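To start, the structure under review is shown below, and the notes come after it.
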């Protein structure tokens, strides 16, 4: 897991997300507390439970982006789910237990990649030997068995040197590789995904591991052989246990759109996709044991981060038991014009940088001036105020409209320099922004 300090985590998030310092600090502290807990003795470690977080804020202010970036920083099993995809147990739809199953699958993949990387050097050696065995077959005795030579022959050493220097990369060889498993696609109704995956793995394992001769260039064969040899060096049982430990001790679940499962007013009949889902989430967040195809997983120390816009519902509309299990509340602020200006310029891969790079592929040099950036930000904020406030996503809409003409004619503008200043922006957007009916449908 990540050993970054809260300050370092916030600094990394600052490269991609503008503002929302309180939310960044909360997730940074929560992530660091995962590391701190692992430094305690076993008895005390078991007693320290994660403090789950509820992020509240209008759409388009960075809630989901914080989750995306956190996933890359955490170096721990992480999954992001939409609360609206689930229904109460016993009804058509996904059960909330599938969150932990998917998290465990993600952990197995992550641990497998780490194990393969750890064994990569040994796998490269074994792959090299297999290619050399094809180029220079080892000597055999009278009974057709391969003789174990004490010292590699001079010819083998010469070929090894050429292989490492890349002189043989384009030479074709025929080599035996593991055949792809039997492809079986099973369609199942919603909620039966676990049974489907078990049936698929059963069919794929039928017939054992078969070898298939393939003709490949040496550089391509080397890549496939390294993967094959690395996979052989990994112990599947150890891998599963390591993955389950990683989920139980370091797992993070991000539940988006949790406000959409709040109960709205008085309704008759079962509320299977709202309050029913909240009730099913309770044992997961509180701590229970979930059965997965890799083994039993305890959820006592998994960190849950929930987020929602809460424009119609309020956090108090969640059932009280779930509110109590999300003790840390973070409110994200609506974005201002100055925030929009910073979003257009400060992130490592800001929207303006992306558009400049896209147009550069056609030989068109785009330059955004400070006045142009300011006018784009003002236009986006103005449309948000007069219609629906969709936060930073409005910048994509405004910029796409602004760049439409250049994008269409880019192939004819090769070699030209185009400056986008306040006048350029006003000329193309002012009429749309001023007309509320037009901006409602176009911007």
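Placement of Cβ uses the backbone N, Cα and C atoms for every residue, glycine included.
As written in Swiss-Prot, here are the features:
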- 18, 60, 61, 62, 63, 64, 65, 256, 321, 393: ATP binding site (BINDING)
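When other Cβ atoms within 10 Å of the Cβ of residue 18 (ATP binding site) are tallied across all protein chains shown, the result is 21. Fewest other C-beta atoms within 10 Å: among the binding-site residues 65, 321, that description fits 321.
There are 26 other CB atoms within 10 A of the CB of residue 61 (ATP binding site), with all protein chains counted. The Cβ of residue 63 (ATP binding site) has 26 other Cβ atoms within 10 Å, all protein chains considered.
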